[in-house]
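Peer 1: Annotations per TrEMBL:
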| type | residues | note |
| --- | --- | --- |
| BINDING | Cys76, Cys112, Cys146 | [4Fe-4S] cluster 1 binding site |
| BINDING | Cys222, Cys226, Cys229 | [4Fe-4S] cluster 2 binding site |
| COMPBIAS | 1-22 | compositional bias 'Basic and acidic residues' |
| DOMAIN | 67-185 | domain 'MTTase N-terminal' |
| DOMAIN | 208-438 | domain 'Radical SAM core' |
| DOMAIN | 441-504 | domain 'TRAM' |
| REGION | 1-25 | region 'Disordered' |
Amino acid sequence: MNEEQRRDGEQAVNPSDKKSAKDYSQYFETVYTPPSLKDAKKRGKEEVAYHHDFKIDERFKEMGNGRSFYIRTYGCQMNAHDTEVMAGIFMALGYNAVETPEEADVILLNTCAIRENAENKVFGEIGFLKHLKRDNPNLLLGVCGCMSQEESVVNKILKSYPHVDMIFGTHNIHRLPEILNEAYLSKEMVVEVWSKEGDVIENLPKVRKGNIKAWVNIMYGCDKFCTYCIVPYTRGKERSRRPEEIIQEVRQLAAQGYQEVMLLGQNVNAYGKDFSDMEYRLGDLMDEIRQIGIPRVRFTTSHPRDFDDHLIEVLAKGGNLMDHIHLPVQSGSTDVLKIMARKYTREQFLELVRKIKTAMPDVALTTDIIVGYPNETEEQFEETMSLYREVGFEMAYTYIYSPREGTPAAKMNDNVPMDVKKDRLQRLNALVNELSAESMKRYKGQIVDVLIEGESKKNPDVLAGYTSKNKLVNVKAPKSAIGKIIPVKIIETKSWSMDGEAVETQTMAGVN
Ligand code: SAH
Ligand code: SF4
Ligand code: F3S
């Protein structure tokens, strides 16, 4: 695909072309190519287009009357937040939200493409949902999210899952009303996957999950092109929301009584790099958000490469900026990092950690790690283990490398057998467990602030919440504590959580 085509999303599949499934697949071959690093790197530096004119067309306002929707979400918090936007659009169309797919008139699977097993889960679910279509022929089944940006996935659904009614991409979410309308009218599968990626669409409706913590997008896309990763292809190029839009959204959330915001982006440290009219980066944004009266502010995910000194300086001011940074390292070996195209060395990463710890001595660092990268040697894996200990990470998400079609790493020969990869994952996980347990132990007997989110999943008699460092605490406290930040005395610590008692409860018990 050339740049012109990439820019002009409308040239992609046009939903009003009523073609058969077979025709669509031919159409894809000409305008929609699989992920290609060469093509994607040609991404234009053209201005990001901001749209503020989202409106539900009068024609569609009654569409959802008497109908209900259910969205199943896979993948990262960005996907979960997209689900909130789609739920907002459904509600604006008059649909009701339901809790199970069995009750729904429209089911959407908001998918993730990050690893093969994520995709397999979705295909399993699409197959499983077929029986609901048999029971209710009017049911609409849609597939959206990152998998629908992959040509191979779209072709597989067209060929093997004809009971799917709609497929739409991550750049097409705001087109949900039109896509639904088309699906109701058409007997064929509706496919709308734009490769258009230069847009930021504001004022989309949102129905947020809960009223305690809220996600706020600060940027979209990723231009880092780590050699293993599918995200730059499924989410498009990096584009930042304007600071005033973000600040206004955070202010509104504060006014509505939210206790925490999580600022979202695939690589939030690249925030503002795409502004051509001003020098304004994540540090500047955090410095402004710091002054908004919302108790807790977090961000995810950081890329070590763009983590600048100004950001560290601002984070060190504390206040509502939490003392926890999720900083994916992926590997402790400079050679592996090089093949991953992470563009930092082991030493540079350790230097960044040193700077962060100097400015924020009590910071909690967590990370993501991939083991079993193509041709990873035992020594290189050991370097990951030693780096983990040296940094003293308090938690990690760990993965076995999964080849993603179209990415440079998928073409590499790999001499590491799967059982070796599994063994490395186990060894790493044992270390992750050990350091997590250690980080928890330090709190025994201490009083920490916990944002109480609700009943514990395991035991409804106990409440659960998170500390500023994002550690899970099960708390004995009255239900009235839900939604509040309360001091909790830690009684017991485990590998992944702590048990505690609300300090007020103890005092009250003392009085009685
Ligand atoms: N933008 C974030 C990561 C998003 S994906 C960042 O760069 O930090 C979340 C994690 O999934 C990554 O950090 C990586 O550890 C893992 N991951 C991504 N692609 C993968 C692949 N092909 N195989 C295994 N793990 C992968
Ligand atoms: Fe993927 Fe994160 Fe790398 Fe972007 S920075 S390519 S999202 S791992
Ligand atoms: Fe998955 Fe897409 Fe997120 S691939 S991790 S849902 S950006």
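Glycine is treated like the rest: Cβ placed from N, Cα and C.
If you look at the structure here, what lies around each of the features I listed?
Peer 2: DSSP assigns Cys146 ([4Fe-4S] cluster 1 binding site) to a helical segment in the three-state reduction.
Classification of Cys226 ([4Fe-4S] cluster 2 binding site) by DSSP places it in coil, neither helical nor stranded.
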Peer 1: Can you go through the binding-site residues Cys76, Cys112, Cys226, Cys229 and pick out those with a C-beta less than 6 angstroms from ligand 3?
Peer 2: Cys76, Cys112
Peer 1: What average pLDDT is reported by the model for the domain 'MTTase N-terminal' (67-185)?
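Peer 2: Averaged over the domain 'MTTase N-terminal' (67-185), per-residue pLDDT gives 96.
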Peer 1: Near Cys222 ([4Fe-4S] cluster 2 binding site), how many other Cβ atoms are within 10 Å of its Cβ?
Peer 2: 22
Peer 1: Can you grab the distance from Cys226 ([4Fe-4S] cluster 2 binding site) over to Cys112 ([4Fe-4S] cluster 1 binding site)? Cα atoms, rounded to a whole Å.
Peer 2: 17
Peer 1: Of Cys76, Cys112, Cys146, the binding-site residues listed, which put a C-beta under 6 Å from ligand 2? Please answer none if none do.
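Peer 2: With ligand 2 as the reference and 6 Å as the Cβ limit, the list is empty: none.
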Peer 1: So which of the binding-site residues Cys112, Cys146, Cys229 sit close to ligand 1, that is, with a CB under 6 Å from an atom of it?
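Peer 2: Only Cys229 meet the Cβ criterion.
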Peer 1: Counting across all protein chains present, how many other Cβ atoms fall within 10 Å of the Cβ of Cys76 ([4Fe-4S] cluster 1 binding site)?
Peer 2: 17
Peer 1: Within the domain 'MTTase N-terminal' (67-185), how many residues are helix, strand or coil going by DSSP?
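Peer 2: Secondary-structure breakdown of the domain 'MTTase N-terminal' (67-185): 65 helix, 23 strand, 31 coil.
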